[in-house]
Structures are given as structure tokens and as C-alpha cells.
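Student: The following feature annotations were taken from TrEMBL:
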- 20-42: transmembrane segment (TRANSMEM)
- 54-74: transmembrane segment (TRANSMEM)
- 86-106: transmembrane segment (TRANSMEM)
- 144-162: transmembrane segment (TRANSMEM)
- 182-205: transmembrane segment (TRANSMEM)
- 217-237: transmembrane segment (TRANSMEM)
- 249-268: transmembrane segment (TRANSMEM)
- 280-298: transmembrane segment (TRANSMEM)
- 304-322: transmembrane segment (TRANSMEM)
């Protein structure tokens with residue numbers, strides 16, 4: 001299995017086993033994010049400032065990278081590395097920051113269901129930029145697999161699970177009877193296209209600089225998350241009045257921060273040793289984890305559409321990674 005196919009060439013069995021474990025862990029942690037975040041809700045809303053949670057996540061990743069270098073888990077390069085190699089990661093942090101904020105602004109110009117369905121276009125934009133910027137070519141079989149991933153994401157977002165039927169009259173049943181109508185404005189469509197392009201560009205660009213530099217991954221992450229902390233601190237400071245920095249944090253909120261931090265580090269390993277396409281499959285496969293945890297923790301009911309989406313994801317994996 002080649003790097004472009006999502007594996008690492010020439011791996012001995014123990015290293016291949018660690019790579020497989022990394023993929024499974026990253027998929028599980030990515031899928032757990034939304035259910036864990038839902039468990040943080042108090043009276044239907046997140047009780048803490050999202051900007052403070054993002055800043056804490058970036059800071060946690062930065063501290064974990066520094067710790068791994070200090071204790072020798074990854075070897076510090078001989079001599080002082082030229083700090084100009086840190087400069088390219090500023091653009092990565094900026095692209096990720098812009099993308100995270102676009103997600104928030106998009107909700108003003110479309111309903112959540114429309115966003116969830118159309119945001120799967122970022123699979124296509126990532127694949128396109130992966131081919132254009134990195135010079136890789138996808139076969140017709142691999143292209144079909146990515147189309148199936150987009151279809152699976154759209155199916156899942158359009159009705160992969162539902163809330164239990166509420167037979168009692170009241171506000172809850174009234175809200176369920178009158179869901180937000182589907183809508184999208186012209187500006188929302190333009191922002192969505194921009195979001196998909198930035199999402200693909202941030203992934204492909206980060207992969208490019210991580211593979212070109214002969215530096216340990218922990219040091220590259222140190223560069224990336226230093227810029228991430230600076231950027232998100234600025235966003236937090238400029239977010240206006242609101243709850244205090246740690247106000248509203250619960251045990252579930254701490255778990256969300258730790259889950260996001262560790263998964264961010266796992267994803268960086270995927271980008272360095274795998275590819276942006278591997279990341280797409282992780283994100284898509286995490287929908288299955290998301291649905292199962294939502295059913296167990298939030299008592300949501302899986303629908304037939306979920307099983308169709310899971311089938312499409314399985315077919316996509318077989319098409320992309322299976323033998324012709």
C-alpha cells in the first residue's frame with residue numbers, strides 16, 4: 001500500500017500494526033467529537049465560549065508536542081533548526097482558522113441540514129487540489145470511490161438518525177412539527193464554495209510542507225500549533241463579552257478538548273505519513289462511530305438511510321484500497 005493510497009510503503013508488521021491502530025483511533029476520536037459536545041449542552045446550548053475551547057485545544061496540542069520533544073519521544077534535530085522553516089506553518093494555521101470561523105458564519109445563510117449535505121463537496125475539492133498541487137493522479141476506480149464518499153456523507157446528513165418520537169403534546173413536539181425550512185442564500189452558496197476550497201487547500205498544503213521538510217513531526221507540530229495558539233488567542237480576545245475563559249466547563253467539556261487535541265496530533269501523523277485522501281476516509285468512516293455513539297449516549301434512532309450511508313462508505317473503501 002503506497003503513501004498515496006493511505007499506507008506507508010515497506011512497513012514491517014509491528015509498524016503496520018501501529019499505523020492501523022492510529023487510523024482506527026483517529027476515526028473513533030473524530031466520530032466521538034459531536035456526541036461528546038452534545039453532552040456538554042445545558043438548556044439546549046453550549047455553556048462555554050467556543051473560542052475558549054478552541055484556544056485550550058490548540059494550547060494542549062502545543063504542550064503535548066513540547067513534552068514529547070523534551071522527554072525524547074522524538075529526536076530533536078542536531079543543531080538548532082532554521083526557524084525560517086516555521087514560517088510556512090503560519091499559512092496553515094491561518095487557513096485552518098479561517099475555515100473554523102467560516103463554519104460559524106455559514107449558519108447565518110443556510111439551514112443546518114443544507115450545510116451538512118453541501119459541505120460534503122469538500123471531498124471533491126480536496127481530491128482536486130490533491131491532484132493539482134501534489135501531482136498525483138487518481139484512477140477512475142478511485143474517483144468513483146470518492147464520489148461514493150460524497151454520496152454517503154450527503155445521505156447521512158439528510159437523515160442518518162432521528163430523535164425518538166415524542167407522543168406528548170408540548171413545546172418539544174411543536175418544535176419537531178415545524179423544523180427549520182431548507183434554504184440557502186446566494187451569499188451562503190459563495191461562502192460554502194469558499195469553505196470547501198479552503199478546507200481542501202489547508203489539508204493539501206499542510207501535507208505538502210510536512211513531507212518536504214526533514215524535521216521530526218513533533219517539531220513541525222510545535223511550529224503549527226504555536227501559530228495556532230497566537231491566532232486563536234487573538235480571536236478569543238476579539239470575540240467580545242461573554243462567559244469567562246473557563247466558565248461553563250464541565251467534565252464533558254474537558255473530554256471534548258482532550259479528544260480534539262489528541263485527534264489533532266493523530267491527524268498530523270496521517271498527513272505526514274499518509275495523505276489528504278487518507279484523512280478524507282477517516283472523516284467519512286467516523287460517521288459510523290458518530291451514529292453509534294449518538295444512538296447509545298443521546299438515545300437517537302438510526303434510520304435506514306444510515307445503513308445506506310455505511311454501505312456506501314464500505315464500498316468506497318473497497319474500491320479505493322482494494323485490488324483492481
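Just so you know, glycine gets a Cβ as well, placed from its N, Cα and C.
Predicted automatically and left uncurated, TrEMBL annotations should be read as such.
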Student: Count, for each of 144-162, 217-237, 249-268, the Cβ pairs lying under 8 Å from the transmembrane segment (86-106), and report the range with the highest count.
Tutor: 217-237
Student: Determine whether the transmembrane segment (217-237) and the transmembrane segment (54-74) share at least three Cβ pairs under 8 Å, counting only pairs 6 or more apart in sequence.
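Tutor: Contact confirmed: at least 3 Cβ pairs fall under 8 Å.
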Student: Between the transmembrane segment (20-42) and the transmembrane segment (280-298), do 3 or more CB pairs sit under 8 angstroms, pairs being 6 or more residues apart?
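Tutor: Contact criterion met.
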Student: What same-chain residues lie close to the transmembrane segment (20-42): Cβ under 8 Å, and 6 or more beyond its ends?
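Tutor: The answer is 48, 248, 250, 252-253, 255-256, 259-260, 262-263, 266-267, 269-270, 278, 282-283, 285-290, 292-294, 297-298.
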Student: Sequence-remote contacts (6 or more beyond its ends) of the transmembrane segment (249-268), Cβ cut-off under 8 Å?
Tutor: 22, 25-26, 29-30, 32-33, 36-37, 39-40, 47-48, 53, 56-57, 60-61, 64-65, 206, 210, 217, 220-221, 224, 279, 282
Student: Below 8 angstroms Cβ to Cβ, which residues of this chain, lying six or more residues outside the transmembrane segment (182-205), approach it?
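Tutor: Non-local partners: 91-92, 95-96, 98-99, 102-103, 105-106, 108-111, 113-115, 118-119, 121-122, 124-130, 133-134, 271, 276, 279.
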